[in-house]
Amino acid sequence: MENSEGVKIESTVVTEEPLISALDIALFVVIITVAYFWYFKRDKQSSSSEKKPYTIQPSSLSSIEQTSNSSFIKKLKSTGRSLVVFYGSQTGTAEEFAGRIAKEGARYKMKGMVADPEECDMADLVEMKEIQKSLAIFCIATYGEGDPTDNAMDFYEWLQNGDADLEGLNYAVFGLGNKTYEHYNEIAIYIDQRLEELGATRVHEIGLGDDDANIEDDFVSWKEKLWESVCSHYGIEETGEESNIRQYKLVDCSDVLPERIFSGEISRLKSYENQRFPFDVKNPYLSKIAVNRELHKSGDRSCMHIEFDIDGSKMRYDTGDHVAVYPKNSSELVDKIGELLNADLDAVFSLLNTDEESSKKHPFPCPCTYRTALTYYLDITSNPRTHIMKELIEYASDPKDQEKLKLMASSTPEGKKEFHEWILRDNRNIVHILEDLPSVKPDLDHLCELLPRLQCRYYSISSSPKVYPKSIHITAVLVNYTTSTNRVNKGVATNLLAQLIPTNDELPQPTIPIYIRRSQFRLPPKSQTPIIMIGPGTGLAPFRGFIQERDYARKEGREIGEMVLYFGCRKKDEDFIYENELQEYVANGTLTKLHLAFSRDQPEKKYVTHLLEQNADELWNIIGEKSGHLYVCGDARSMAKDVHSIIVKVVMEKGQMTNSQALNYVKKMEQQKRYSADVWS
């Protein structure tokens with residue numbers, strides 16, 4: 001009965017059910033609601049963008065723009081160009097070099113364009129052969145531990161994983177690297193070889209620029225020989241002297257409403273007033289300075305412990321990561337430029353790209369005032385490159401100043417020597433040049449076009465998120481030095497940070513834009529793994545975070561492995577930073593051993609490398625017998641190289657290996673992330 005009634009009931013329900021059930025109606029309402037909000041949001045964003053004609057074009061195109069504009073081949077064909085220069089750039093130098101090459105192409109009847117591989121469909125390289133006398137040039141930087149730059153990553157992976165037929169593609173490669181690092185120009189070398197493997201024709205041999213020496217000289221020398229090879233390969237001749245053609249045109253924006261004018265934001269207008277997560281290189285977080293205290297006990301040098309407040313930002317970091325700080329130039333230097341050029345720094349202007357096909361409409365956020373551009377967007381403290389000398393010639397009214405600029409802009413041995421001595425050795429920036437060559441009076445808008453972008457500064461994070469989830473700590477030495485011309489040059493970021501002192505009253509606390517850059521400098525996954533940390537001076541910074549993290553694990557009751565720290569400074573009573581903290585970690589057992597080298601506390605200088613040589617047994621016990629990890633942080637030019645040599649020697653002697661076997665052993669440690677370096681030159 002129950003079964004028959006059940007069937008009967010089911011039958012009755014079916015026959016009496018309406019065409020559209022309550023569930024169907026509910027689902028329909030949900031779909032309509034979602035569609036409405038999606039359409040409304042899109043329409044609102046579209047309207048908003050239409051109302052803001054003066055905005056910087058982001059360096060990365062949106063997905064829609066990429067679909068329609070990613071074909072660089074179409075751009076080349078539609079504009080009658082035959083030269084495309086791709087760049088892989090992390091700091092802007094490779095992009096600058098690419099622009100200079102593209103501009104010079106006009107001298108050889110090769111109209112050029114600059115392209116970001118991240119914005120292009122690089123598979124279109126197979127179609128380059130369809131363009132007569134075409135040439136692709138790659139200015140590629142190697143970044144980090146032999147990695148491609150962010151914007152060249154997809155292209156690099158495409159070359160690695162693909163097998164495109166690039167026969168008919170003519171190419172040349174210039175690499176940007178630093179010889180103090182192990183993976184010197186590794187990415188450029190790979191791209192140069194891989195393009196040849198895929199059938200492309202190398203028009204000129206690869207150029208390798210060394211930023212530790214004089215990368216400008218390396219680039220100029222390579223570029224001159226490049227054009228000789230290009231002329232030979234294509235059977236063309238140089239058309240004559242290159243004219244200084246402007247890439248951007250000046251637009252008067254005096255009538256633009258104040259709310260449409262950039263005031264220091266990196267990309268999005270009013271981004272510091274309306275902060276939006278996620279925060280990255282184009283959208284930094286405006287962090288309050290929570291703590292800024294002096295670490296040195298005495299002496300004429302300064303080392304700052306600074307804590308950035310990230311509470312409420314949703315930002316997360318890992319021990320060993322870096323924090324990027326966006327600095328600004330001193331008002332004194334900015335005012336000096338205005339004074340030297342007799343310019344109104346508060347005039348509102350914009351620079352608009354004369355190449356309508358370029359995705360980069362402005363060299364920096366526009367419109368803005370000249371004061372804003374010189375303060376937040378332009379690098380006015382570094383040594384200008386030779387192409388700037390060349391562009392300044394036309395603005396020199398004194399023949400002597402003209403000749404000096406012409407000499408430094410030339411590639412003759414005499415010119416290179418003069419540039420090296422007068423610009424590099426004497427550490428002159430653009431302000432010094434304008435002071436010492438008083439007849440040189442460039443148009444301020446042209447100078448803004450020529451100067452490179454002001455870059456953020458990276459610092460190793462010296463805290464653990466387990467202990468300090470709401471703040472990021474850094475350890476920074478104040479940079480001030482006197483040049484041979486008796487001028488005092490000041491580090492842009494550290495001198496700004498030194499002024500940002502939080503107060504105890506209710507006044508607004510000082511702020512600065514930051515974002516987190518991920519790192520491969522990581523503690524072992526297992527807390528029991530023993531580690532050796534070598535970090536003299538501010539090289540201690542990431543290890544402070546390492547120790548905090550292990551101490552946190554110990555307090556939670558977890559087993560932690562041996563932690564051995566090698567730290568060195570000049571004098572114990574002067575610059576032994578975090579002394580009390582370190583001694584406390586030794587006392588509670590978190591830090592197993594603390595080896596200290598105070599270089600100037602005795603007649604003969606003593607460094608951490610001396611201590612490493614004395615403790616060969618301990619080193620081998622941890623890295624050889626216990627498969628521990630070794631970390632190095634600090635100066636790449638000498639300290640890190642010396643440490644590497646000592647480790648190889650220890651492995652040879654204690655591991656009873658040949659030199660070749662020891663080198664392979666250390667190489668394997670690096671591949672297994674058991675030997676990690678976070679170094680700078």
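Cβ atoms here come from the backbone N, Cα and C positions, even for glycine.
The FMN binding site feature in TrEMBL is assigned to 89-94, 141-144, 176-185, Asp211.
The Cβ neighbour count for Lys605 (NADP(+) binding site), using a 10 Å radius over every protein chain in view, is 12. Residues annotated as NADP(+) binding site in TrEMBL: Arg301, Thr538, Ser599, Arg600, Lys605, Lys606, Tyr607, Val608, Thr609, Asp642.
If you look up TrEMBL, you'll see Arg457, Tyr458, Tyr459, Ser460, Thr475, Ala476, Val477, Tyr481, Gly491, Val492, Ala493, Thr494, Trp680 marked as FAD binding site. Cβ neighbours of Arg457 (FAD binding site) (same chain, under 8 Å, six or more residues apart in sequence): Ala324, Val325, Pro327, Val492, Ala493.
Among the features that TrEMBL reports, domain 'Flavodoxin-like' is placed at 83-227.
Over the domain 'FAD-binding FR-type' (282-524) the predicted model carries a mean pLDDT of 96. Under the heading domain 'FAD-binding FR-type', TrEMBL lists 282-524.
According to TrEMBL, the transmembrane segment annotation covers 20-39.
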For Gly144 (FMN binding site), the number of other Cβ atoms found within 10 Å of its own Cβ: 14
Integer Cα-Cα distance in angstrom, Tyr459 (FAD binding site) to Ser599 (NADP(+) binding site): 24
Residue from Arg301, Thr475, Ser599, Tyr607, Trp680 whose C-alpha is spatially nearest that of Gly92 (FMN binding site), among the binding-site residues: Trp680
All-chain count of other Cβ atoms within 10 Å of Trp680 (FAD binding site): 16
Among Ala141, Tyr181, Val477, Gly491, Trp680, which are recorded as binding-site residues, the nearest neighbour of Ser599 (NADP(+) binding site) by Cα: Val477
Minimum Cα separation from Tyr184 (FMN binding site), reported as the residue among binding-site residues Val477, Lys605, Tyr607, Thr609 that achieves it: Thr609
Fewest other C-beta atoms within 10 angstroms, as judged across Thr475, Ser599, which are the binding-site residues: Ser599
